[in-house]
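Everything below concerns the one structure shown next.
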């Protein structure tokens, strides 16, 4: 099955494609569920399933054993409901004035980090005549969303009052790690301790949440003391390790699901001293063959991959030669026998010797999350 995303031209499968192995998603989620032990597993499918396609990957994740789905934005959660998913869905990032009523009507769980979110959820619940399912979020050390230690008691008290009124039900208490991908970092145990304190404060306020959740991919894999009632793996749903300090995917039974492939658009012989691409950041040192590859930064290939990242072409890894352009980049293939139409593998699981998303991340000084999630709308996803 090939999915044409908004902005992708029909019929360009031969040119470029992100092949998504849904069995790899199922296999990886099954491994995560096993790691979670008695805790339930929420598959995080935000950002269009980290670039892999939210709907097909959500379905595969549930087949692999997940029982919850998680999104950042309300429209993502509503799209899951529109696609027929009935499992619990948590959406956690909204601004004042967003359509909480639509979310409540669709049985989407909401997150509240501040009083305004509780008030808007309660107001929407009164309008719809339905009880809002809410997860209170504590900032235990990430310094991002979540109520601070000083504000947490008041948030719990407000939640308890609205629960007593019958307009909300506090389903969960949750937080998020700052350094879970560095399991020896002292903040990890510190955040677990502060999360336990936050749960105690919620209990003293009269709340009895059924799910307490803290663990992301890294904590799901290596910090069982952080599992509580529910774990929330994200990048590892798609077979990727959350960081080099955690270990390679295979160490945990994970398999990378995305392979980004295209085909050379042109090959040509050029003399020594030929400047290549914008600003001539690469110059040939001898007579050689150049290959033009029809993917660029508009497709999610970072411009910083200029003269840095490698691809597999003609049976060998080759470094990008010169500036990555909006729609294309160039390879210097020397005297090797290649032709227009030959396959170019940018990254994948590594089975054929191609670079992995981890290789690209290391070369570019970023994380594998960014490499896969930025693959653009012009690149069709083909599901296998």
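The backbone N, Cα and C atoms fix where each Cβ goes, glycine too.
Taken from Swiss-Prot, the feature active site, proton acceptor applies to 46, 278. Swiss-Prot lists 46 with the feature N6-(pyridoxal phosphate)lysine. Here Swiss-Prot flags 144, 326 as substrate binding site, drawing on sequence analysis.
In this structure, the C-alpha atom of residue 46 (active site, proton acceptor) lies 18 angstrom from that of residue 144 (substrate binding site). Neighbour count (other Cβ atoms within 10 Å of the Cβ, all protein chains): 19 for residue 46 (active site, proton acceptor). Its Cβ taken as reference, residue 326 (substrate binding site) is surrounded by 10 other Cβ atoms within 10 Å in the chains shown. All protein chains considered, the CB of residue 278 (active site, proton acceptor) has 12 other CB atoms within 10 Å.
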